[in-house]
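Copied over from Swiss-Prot:
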type	residues	note
SIGNAL	1-33	signal peptide
TOPO_DOM	34-520	topological domain 'Lumenal'
ACT_SITE	Ser185	active site
ACT_SITE	Asp387	active site
ACT_SITE	His449	active site
REGION	477-507	region 'Disordered'
COMPBIAS	489-502	compositional bias 'Polar residues'
TOPO_DOM	542-638	topological domain 'Cytoplasmic'
REGION	566-638	region 'Disordered'
COMPBIAS	583-594	compositional bias 'Acidic residues'
COMPBIAS	622-638	compositional bias 'Basic and acidic residues'
Amino acid sequence: MGFSETRAYSAWGAWSTWLTICLALANLLPVTAKSAADYFVDSLPGQPEGPLVKMHAGHIEINPETSGNFFFWHFANSHIADKPRTIVWLNGGPGCSSEDGALMEIGPYRVTDDHMLNRTDGSWDEFANLLFVDQPVGTGFSYVSTGAYVSELDEMTSQFVTFMEKWFELFPHYEKDDLYFAGESYAGQYIPYIARAILDRNKKESVQAQNRQWNLKGLLIGNGWISPRHQYLSYLPYAYREGIIQGGTDASLRVEATISKCMKKLNVEDTTGTIHIADCEDILQTIVDETHKGNRCINMYDIRLTDAYSACGMNWPPDLKNIEPYLRYKNVTEALHINSDKQTGWTECSGAVGGNFRALKSKPSVELLPRLLEEGLPILLFSGQKDLICNHMGTEDMIKDMKWSGGTGFELSPGVWAPRQDWTFEGDSAGFYQQARNLTYVLFYNASHMVPFDYPRRTRDMLDKFIGVDITDIGGNPADSRIGGEKGPTTSVGGHPNSTTAAEREKEKMKSAAWKAYYKSGEVALIVVAIAAIIWGVFIWRSRRQKLRNPSHEYRGIYPMLGSSSSGSLPRFSNKRGRSADDVEAADFDETELDERPSRAVSSRSSREHEPYAIGEEDGSDREGEGSDERRRLVDKS
């Protein structure tokens, strides 16, 4: 090796050493922590005109060892009635995304067929901040290392409390809000467990020393999977009542045989499998199979509808066909700050999560409710009348058997039960209320498994009553909501002057007024043209008569005194009527301009070939194998 080569080699060796040292030092430097600003969503594809609801979204790591990350989507309240409130919403499954709640139920926007966003009349963000969370890990936009799924409720709870602590570190100004948890279906297991953990956390000296207690004020659970025993045994009575199965038929005998197998499991003293019992799950499957005719079957989430067999409700609600492609567009995932580590596109429910979450060592959440109520925590349970999978009869039977605060069920005193009070909303019979000792039950008539999807305004009225919103000091037009004939606290559901929906209605009124003015101006123009035509006709008629009387005189047009200029009068009039670019009225009221969408609209795609925004294929585990089979077997209680 020559001198120059040796020197070059030595120089490279020194440089390599320095590079190694620099990289090592860089690894020792702390990674810059994210701030709230990193999660700010400044725009969304397809957003409606006007200001966007203030929102933040993204991932928070809750388990570095397994790369476990929760996805959240937070919407700030539109107005504060008397004090700040935050509602955490969870969907069920297990393994179903809370974007269902955000975009089909209580959130401020819903996705249209052309993937635009429309404001929801009755959304829950009017007087409360909304926090939607995809959990357990692997649900929706949340993700985790393969095989590291959650299987028990205690583990789920621990991860969720970790998430809340980290979320409040990012957004400390919300930590002292009145805090509520709401959700539906299998969230009936999640929510009581999380509530118990929060109350226990608040008692810790370390938490109290830092003044970091969370102001948990209440729980709302819709069509909840809370007491599996009561729910399993309610399926056939509900099917009889609704005419799904006829008594004394071969179909009823087949269902009763399945119930007998379930009862053997329920009567065995066993500390495992009390939340998910395969033999008992078969009851619902058998009922649904008995409705199979042709290629259709009953929709287990809304018995008024049917679905393709063997989905039997899995394709419902209809908005789902709009949401999945919308949440897979690249510009949407970028707007929501979806990490690149999330390899697969959004799916509503994860078969892998549901298949692992059996909770075989967990006790049903119904066993937690009495103590929560006795500690003074208000709880509201509500049910849609036309839901089969988590039907209202199971919830009502559970309440009737539950003991707390010295009474059973809705007892006011021994043998005296709280009455069911009829509820009317805006003149319609909406359902009934029943209340006693911190527990409220609401039945919604003609509603499905997802009550807010059917009745956003009614559920908002229910919410405002429960959390204590009273618009008396705010002003506005109160909603006509009566329980037992009495109005109670005044709620607005978008009727107060500063509400978002009121502003939207005012905008529609202004647009309608503009169109009326346009049509009115058109009518006036038509009258003017008609009068001009009559005058024209009179002049023509008189000119012809004059020519007939004086054949020696040449016809010189309408204006005989103007000479040759008369020949240009009609063309100029015609040109005025046929104007385009110079027509101020036409420019102001061009229908195509009024119907024009914002330029950021996401266009629907007719085929995979024209979908450049897709960010990944569906998770195979969600569509086939055990996970898919469990969805067909109706495990998912979203």
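Here the Cβ of each residue, glycine as well, is placed from N, Cα and C on the backbone.
Distribution of Swiss-Prot features across the structure.
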residue	record	CB count, 10 Å
Ser185	active site	29
Asp387	active site	28
His449	active site	29
Query = Over the topological domain 'Lumenal' (34-520), what is the model's mean pLDDT?
reply = 93
Inquiry  = I need the CA-to-CA distance for Asp387 (active site) versus His449 (active site), whole Å please.
reply    = 5
Ask   = Which whole-number value in Å describes the distance between the Cα atoms of Ser185 (active site) and His449 (active site)?
value = 8
